[in-house]
Amino acid sequence: MLLSRPRLEVSIATQILSLWDGSRLVKSWPCSTSKFGIGFEEGSMKTPLGHFRIAEKRGDGASLHTIFKAREPVGEWHAGEAESEDLILGRILWLEGGEERNANTLGRYVYIHGTNGEDKIGQRASHGCIRLRNQDVVELYDLAKVGMPVWVNE
């Protein structure tokens with residue numbers, strides 16, 4: 001799909017991530033932002049607001065359930081496995097802040113990524129990242145480009 005003026009918008013109020021091409025809505029997916037609320041502080045585990053860009057993409061060709069640690073694949077998660085931790089699965093879109101208030105976002109490792117907690121998508125449940133269902137993050141990953149603008153609003 002060719003997009004001439006693509007951007008992503010994340011609504012914390014509705015827990016929806018939308019792909020736009022100019023003024024045309026292309027697709028929307030339910031998402032999950034931080035259960036700790038909105039914030040910009042290092043270590044706060046809060047989702048930052050404002051303008052960002054996709055700085056880096058990780059996960060080309062990985063399976064839906066590839067587990068990432070430090071942005072590198074380390075194994076596979078199997079649905080139904082008891083997991084005590086929140087995993088980063090499938091794909092990673094690493095965000096970089098474009099404003100003074102969110103300039104530390106890259107160093108806070110705020111991503112759009114897949115999750116082993118798909119049952120919590122649509123709720124505030126993350127540790128600052130923007131989570132999507134695994135199939136949805138793969139779909140978005142294939143449409144997104146490095147440098148694409150991302151807006152996160154209340």
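Cβ atoms are placed via backbone N, Cα and C, with glycine included.
Unlike curated entries, TrEMBL annotations are predicted automatically.
Model, not experiment: these values are computed from the prediction.
Secondary structure of the domain 'L,D-TPase catalytic' (6-153), assigned with DSSP and counted as helix (H, G, I), strand (E, B) and coil, comes to 17 helix, 64 strand, 67 coil. Annotation comment: TrEMBL describes 6-153 as domain 'L,D-TPase catalytic'.
Positions annotated as active site, proton donor/acceptor by TrEMBL: HIS113.
With a 10 A radius on its CB, CYS129 (active site, nucleophile) counts 25 other CB atoms from all the protein chains. Residues annotated as active site, nucleophile in TrEMBL: CYS129.
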Calculate the distance in Å between the alpha carbons (Cα) of HIS113 (active site, proton donor/acceptor) and CYS129 (active site, nucleophile), and round it to a whole number.
8
Any idea what the model's mean pLDDT is for the domain 'L,D-TPase catalytic' (6-153)?
96
